[in-house]
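What follows is a single structure, written as structure tokens, with notes after it.
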């Protein structure tokens, strides 16, 4: 596994360095090389209504529970960063050895949403649209329904048959990651620093449980029993009112972006710049020249247009990770299945 990751990192570095006009060899300024079998409008003939069906379902779901919009965006990250965008997160393990059993999947929501949308699509187009594509389309519509961009989504993915807890434990960056670790996690997947800082902007919507940040940010920074010195003191006092010290698995939720938690906008970057990023991994963006400069530019921007354009590119890049196309994988009638 380690050799595989090292080889992938080398291939990515070479490919990125060959792209013209990039100031840093690890940046993804434009979508990476196209993936054979993926295309916007892949289902135009076989299921032309699929995107409308997904949007209608997502609209009804979010109107009923707006927290499920950010949840579905997070769901795509958990799918794509582990074994690629193949819906392996939907697979179950009787022996508790699947991705769903990983620590990182502890508070993940959206399994029922995927199945609900899949059932609607199956009724219109039986055994045609993959669960992986439904996850990608639902994530895009979650952004759109939060007043973000409705970017084009490449489709044509097929669903994987393998799901391993080990992969999720090793491939998903923890919320306490520093900038070096974050860039390493992303580079191994073929994503650059710009993908990192742009995709981190997803935290402009949604919430996080106290268990994901309270110890590191509020009560035991670096194991020293103190507050993170980089955290704004007034914001820290607000967070301490929500999160009890020493309470493991604290499920109390706090908005990732306290200003506009359900608006896809630039306020996330303004919070990071103002030392009020919620997670250590958010604030870590200030510890690298390239990511810091992007945070500063977005925080000062009068319009979200640049961020929205960059976000479409970064989501396209992530959506191409290790996909199964053509005769690989399968199309399942339901997304959940047992792997053992």
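Including glycine, each Cβ sits where the backbone N, Cα and C put it.
All annotation found in TrEMBL is predicted automatically rather than curated by experts.
Note that the structure is predicted; figures quoted are calculated from it, not measured.
Taken from TrEMBL, the feature active site, proton acceptor covers 78.
The annotation Ca(2+) 1 binding site is assigned in TrEMBL to 79, 82, 84, 86, 88, 99. For residue 82 (Ca(2+) 1 binding site), the number of other Cβ atoms no farther than 10 Å from its own Cβ, over all displayed protein chains, is 28.
Summarising the annotation, TrEMBL assigns substrate binding site to 173.
For 203, the entry in TrEMBL reads heme b binding site. Remark: residue 203 (heme b binding site) has 256, 257, 268, 278, 279, 282 as non-local neighbours, by Cβ distance under 8 Å and separation of at least 6 in sequence.
All protein chains included, residue 204 (Ca(2+) 2 binding site) registers 28 other Cβ atoms within 10 Å of its own Cβ. Positions annotated as Ca(2+) 2 binding site by TrEMBL: 204, 257, 260, 265.
Annotation comment: TrEMBL describes 47-125 (among others) as disulfide bond. Long-range C-beta contacts of residue 47 (disulfide bond), restricted to its own chain and to partners at least six residues apart, with a cutoff below 8 Å, comprise 121, 124, 125, 128, 129.
Taken from TrEMBL, the feature disulfide bond applies to 80-85 (among others). Counting only same-chain residues six or more apart in sequence, the Cβ atoms lying under 8 angstroms from the Cβ of residue 85 (disulfide bond) belong to 76, 79, 132, 135, 136, 157, 318, 319, 320, 321, 322, 323.
All protein chains included, residue 131 (disulfide bond) registers 31 other Cβ atoms within 10 Å of its own Cβ. Marked as disulfide bond by TrEMBL: 131-335 (among others).
For residue 243 (disulfide bond), applying a Cβ distance below 8 Å and a minimum sequence separation of six or more within one chain yields 210, 213, 214, 218, 250, 252, 254. Annotation comment: TrEMBL describes 210-243 (among others) as disulfide bond.
The feature domain 'Plant heme peroxidase family profile' is assigned by TrEMBL to 37-339.
Summarising the annotation, TrEMBL assigns signal peptide to 1-23.
Residues or ranges marked as site 'Transition state stabilizer' in TrEMBL: 74. The Cβ neighbour count for residue 74 (site 'Transition state stabilizer'), using a 10 Å radius and every protein chain shown, is 21.
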Here the Cα-Cα span from residue 131 (disulfide bond) to residue 86 (Ca(2+) 1 binding site), rounded to a whole number of angstrom, reaches 8
In the structure shown, which of the binding-site residues 79, 86, 99, 257, 265 has the fewest Cβ neighbours within 10 Å? 265
Additional residues surrounding Ca(2+) 2, by Cβ distance to the 204, 257, 260, 265 centre under 8 Å: 205, 259, 261, 262, 263, 264, 266, 267, 268
Which of the binding-site residues 84, 88, 99, 173, 260 has its Cα closest in space to the Cα of residue 335 (disulfide bond)? 88
Within the same chain, and leaving aside 79, 82, 84, 86, 88, 99, name every residue whose CB is within 8 angstroms of the centroid of the CB atoms belonging to the recorded Ca(2+) 1 site, in sequence order. 78, 80, 81, 83, 85, 87, 89, 160, 163, 167
